[in-house]
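Trainee: Handing you a structure now.
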Amino acid sequence: MSVSVLSHSVAAGRLLRARRRRNIILTLVLLLACGFAVTLMLGQSFTPPGDVLRVLLGQEVQGASFTIGQLRLPRAVMSILVGMSFGLGGVAFQIMLRNPLASPDIIGVSSGASAAAVFGIVVLSLDGAAVSVFAVLAGLAVAILVYGLSFKNGVAGTRLILVGIGVSAMIDSFIAYILSRAASWDLQEAMRWLTGSLNSVQLSQALPLLVSLMLFGGVLLSRGRDLDALRMGDDTAAALGIRVGMTRILVIVTAVGMIAVATAAAGPIAFVAFLSGPLAARMVGPNGSILLPAALVGAALVLIGDYIGQFALPSRYPVGVVTGALGAPYLIYLIVRVNRAGGSL
Amino acid sequence: MGQAAQWRLGRSNSTRALVLAATALLLLGLCAISVAVGTRDVGWTEIIGGLQGRAETIGQAAVAVRIPRTIMAAIAGAALGLAGAIMQGVTRNPLADPGILGVNMGASLAVVIGMAWFGLVSASASMWAAILGAGVTAVFVYVIGSLGRGGATPLKLALAGAATSVAFSSFTIAVVLPRNDIAGNVRSWTIGGVGGSTFADIRLVLPFLVLGFVLSLLSARKLNSLALGDELAAGLGERVAIARAMAALGAILLCGATTAVCGPIGFVGLVVPHLCRLLAGIDHRWLLPFSAIGGASLLILADVIGRIIARPNELDVGIVTAFVGAPFFIWIVRRQRVREL
């Protein structure tokens, strides 16, 4: 086979893979759009598409303005923003640490942000953007703490995960402590800060999320190539001309930022960060970066999970319970599969 | 073998007995503190009155409530400490604990399902449900954790346990949330506590715990053989599978019954055996009694802390043990070499 034919077939293969990845992204976007439309139209009652459109355009519609403008729209918008943040932040951690179990919700970063948010709200009486900033700082502190505690002649993935499990057990008990000091133990509030919930979210909360997605998400996506190179190992990445330390810091800051801002709004919605990456990887295969697909999968998980929690089950559940019930068996399945294959995690 | 370890192994039985007596005294002291100290400050006369069973003043009534609570903390702590020591012995795994391995959460889930779906109302029925749940979960986690190369390594077991624990906690919330009649207790099904224990609870749980204690202490010698490795133990004439099953049954009875009345309490079974190994060495015939007394002391101490730290509210003891135990867990993880994880 001559060189030109070989390079031609490589180029063709690359094109094919890029096209396949694009098709999957398009499908996910389409799925999200459909899901968004359905959640706006169909809740406890059905609203015709025409009325939905009119409400979205700012017109007053008898009986629909409140349901859609105040209840369904904020929920749907927040679902998508929060889900994208969790999906993108989670997959960034998984790629950087080369381990699907090293997602922020398993190693305690989400719990840390949640603890800071609940501490800020209950004890320091913060609100709005201050809670988000506080949550970001705490998330970073936890990430550094877990990383530091697992450091012993370098960081081993296995040790990092176990240390993270320990740290999140501690943080969860701290959250329970704060909640028990609050005036009354409100079950709904407790659910939000322990497993995540979209109950009573408002459209005004979308702004910090949007800013964080644009800022942190934009930086992360623009550095996607560097991040993917980290997958091959630090030495290989360095040989490819990537500044490993710098990339790592950038990834930690941006991923924690997104996770923490989303957590400050909706709590640490269980396992969305953990699930999105592996699901996206399974869809895309070895056909390119999974950052954007993971963000879309995350959004779909939260949107669908919240919808199921509200309407598809005999009683209403916060979204975190639904994603938790979906994600935990997947976690067990992942462990079974890896163990049986005899590989190390 | 290091000199220190040799000294520990060679420590004479009389020294161990003395140390054991000292820890028992410590336990008695903690019991006294637990009766005297709480959310409400009480005077000496009220404490004495309460101990004599009078409940004329609020203070005396508070003391009277603290007595069953203290007893419950003591027996639950002893059961969890013992269960942890046995699980660490059976799995030869330093990270084993009924909480970390998800066994307590499994017991909790079984009780909740029994109440919500099968209409179990009697307390003894939920006791059986809890023990069944604990047993099924223990087998489940052990099977998952020992798949593949290298058998049940600490990492694989701890991960399988943590994952199972999270899964079951999600399911528990899902089962309990829609049920207004039991949802008020959603906290006690995910975080254990001993507040509100009564003498009736103690009478209910005691037979199961006694059976568990007896089985556990009988298996002490077998655990010593198992510690040498399965082949060597078999070579010494130990029937490995039976030894393991008997010890595990004891541990399951202990933590299942405890969880049925107190809810899932984690980390006691992790911390206590490690500390007791420093005092008693690695001989299970000594380690097990030490772990029982140590667990009782730790849980009473944690309960007293929980009553003081969040005044005027109380903190469930499960929160305190997690806060104290998690750093200990991290310390053990750090101490292990990666290859051993």
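Yeah, the Cβs are placed from backbone N, Cα and C, and that goes for glycine too.
Copying in the features that TrEMBL gives for the protein in this structure:
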TRANSMEM  A:24-46  transmembrane segment
TRANSMEM  A:76-97  transmembrane segment
TRANSMEM  A:106-124  transmembrane segment
TRANSMEM  A:130-149  transmembrane segment
TRANSMEM  A:161-183  transmembrane segment
TRANSMEM  A:203-222  transmembrane segment
TRANSMEM  A:249-275  transmembrane segment
TRANSMEM  A:287-305  transmembrane segment
TRANSMEM  A:317-336  transmembrane segment
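Neighbours and distances for these, please.
Mentor: With a cut-off of 8 Å between Cβ atoms, the residues of this chain six or more beyond the transmembrane segment (A:24-46) that come close are 52, 56, 67-68, 71-73, 75-76, 79-80, 283-284, 292-293, 296-297, 299-300, 303-304, 306-307, 310-311.
Taking Cβ pairs closer than 8 Å, the transmembrane segment (A:76-97) reaches residues 32, 36, 39-40, 103-105, 107, 109, 157, 160, 198, 201, 203, 205-206, 209-210, 212-213, 216-217, 220-221, 227-228, 230-231, 248, 251-252, 254-259, 261-262, 265-266, 269, 272-278, 280, 290-291, 294-303, 306, 319 in its own chain, all 6 or more past its ends.
Within the same chain, residues 93, 130-131, 134-139, 141-143, 146, 160-161, 163-165, 167-168, 171-172, 174-175, 178-179, 181-182, 193-194, 256, 259-260, 263-264, 267-268, 273-274, 331 sit at least 6 positions outside the transmembrane segment (A:106-124) and bring their C-beta atoms closer than 8 Å to a C-beta of that stretch.
For the transmembrane segment (A:130-149), the list of distant contacts is 104, 107-117, 119-121, 124, 155, 160, 163-164, 167, 171, 208, 212, 252-253, 256-257, 259-261, 263-265: same-chain residues at least six beyond its ends, Cβ to Cβ under 8 Å.
For the transmembrane segment (A:203-222), same-chain residues at least 6 beyond its ends with a Cβ under 8 Å from one of its own Cβ atoms are 73-74, 77-78, 81-82, 84-85, 88-89, 92, 128-129, 132, 250-251, 253-255, 257-258, 261-262, 264-265, 291-292, 295.
Non-local neighbours of the transmembrane segment (A:249-275) in the same chain are 78, 81-83, 85-93, 96, 100-101, 103-106, 109-111, 113-114, 116-117, 131-132, 134-136, 138-140, 143, 191-198, 201, 205, 208-209, 212-213, 215-217, 219-220, 223, 227, 230, 297-298, 301-302, 305, 319-321, 323-324, 326-328, 330-331; each lies 6+ residues outside the stretch with a CB under 8 Å from one of its CB atoms.
Sequence-distant contacts of the transmembrane segment (A:317-336), counting only residues of its own chain at least 6 positions beyond either end whose CB sits under 8 Å from a CB of the stretch, comprise 79, 100-101, 106, 188, 191-192, 194-199, 266-272, 274-275, 278, 301-302, 305-306, 308-310, 345.
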Trainee: Six or more residues out from either end of the transmembrane segment (A:287-305), which same-chain residues have a Cβ under 8 Å from its Cβ atoms?
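Mentor: Same-chain contacts beyond the ends: 17-18, 20-21, 24-25, 28-29, 31-32, 35-36, 39, 76, 79-88, 90-92, 95, 198, 217, 220-221, 224-225, 227-228, 269, 272-273, 275-277, 279-281, 319, 322-323, 326.
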